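What Swiss-Prot records for Arg237, Glu266 is active site, and it gives sequence analysis as the kind of evidence. Summarising the annotation, Swiss-Prot assigns active site, proton donor to His285 and lists sequence analysis as the type of evidence.
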Amino acid sequence: MKPSVILYKSLPDDLLARLESHFNVTRVPDLSPETIEAHASAFSEAQGLLGSSEKVDAALLEKMPALRAASTVSVGYDNFDVDALSAKKIALMHTPTVLTETVADTLMTLVLTTARRALEVAERVKAGEWTGSIGPDWFGCDVHHKTLGIVGMGRIGLALAQRAHFGFNMPILYNARRHHSEAEERFNARYCDLDTLLAESDFVCVILPLTDETHHMIGAEQFRKMKKSAIFINAGRGPVVDENALIAALQSGEIHAAGLDVFEQEPLSKDSPLLTMKNVVALPHIGSATHETRYNMAACAVDNLINALNGDVSQNCVNPKAVK
């Protein structure tokens, strides 16, 4: 008899068929209490869980006593209670490799769009303001040969460094938990402490997961240490940055501009001051949002669940030591 799994995300037809060839699949719209109550038997019997964005905590796990593996269609997993999963020896699988290049593209897009004020001036053209030769009020700033500071030199940081170094001749500074020999050898990246990176970088790009240690890691003190001409980029996790401190730094001219794909509250509140600032590019968390990459992420998540329920957590497992 095939194991039972709960699917709380839409999948392409071919991936759904692959999942159903291995498991008895119960499809649900979400993980709300109402949904769990309506499908109580399926939740109690499910050995697998697959989806994204929903909160998976100890209370949910109490409703799923047979659960052996959860697979998220994402690289981030801050919506999962990893300790609670590990305590019950439930494997948590994620998709860290398939979105690297696409998220790095998004980061480079934010760098370029913010520096050259591309969205702002495009809207001015559409509004009919382009009536002759443009003056300095249309100008942005150069990207090439400017110093890029990367906070968090993981897979995505390395892919961003490659684009910046080879594509734009940008010197690379980075701060991470340890030295990254590949970044130093391939891109001549220089490891430095965070304060030095903030003081010397023209672009500060934060690519960090959300943990207790990284929550509000970038705040008022850090913005004060940046150049007034600095452009701040965040495409990691919103709460890594104290958003009120960022708003204050932008309003006061402490930093020049910001390009943001993530926020403390998502979707971004309609009354957020960030939405009225011309020196802010705000994207709706599109880091991995291309047709190709989202398909590959879903395929990876399906394969991860199949592997985990077959006892293989050698790849893409957040908590392998807890389940062995």
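Any Cβ shown, glycine's included, is placed from N, Cα and C.
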Same-chain residues at least 6 apart in sequence whose Cβ lies under 8 Å from Glu266 (active site): Gly238, His285
Neighbour tally for the residue listed as 'active site, proton donor', based on other Cβ positions within 10 Å of its Cβ: 17
Packing count at Arg237 (active site) (other Cβ atoms within 10 Å of its Cβ): 21
DSSP-derived structure type at Arg237 (active site), helix or strand or else coil: coil
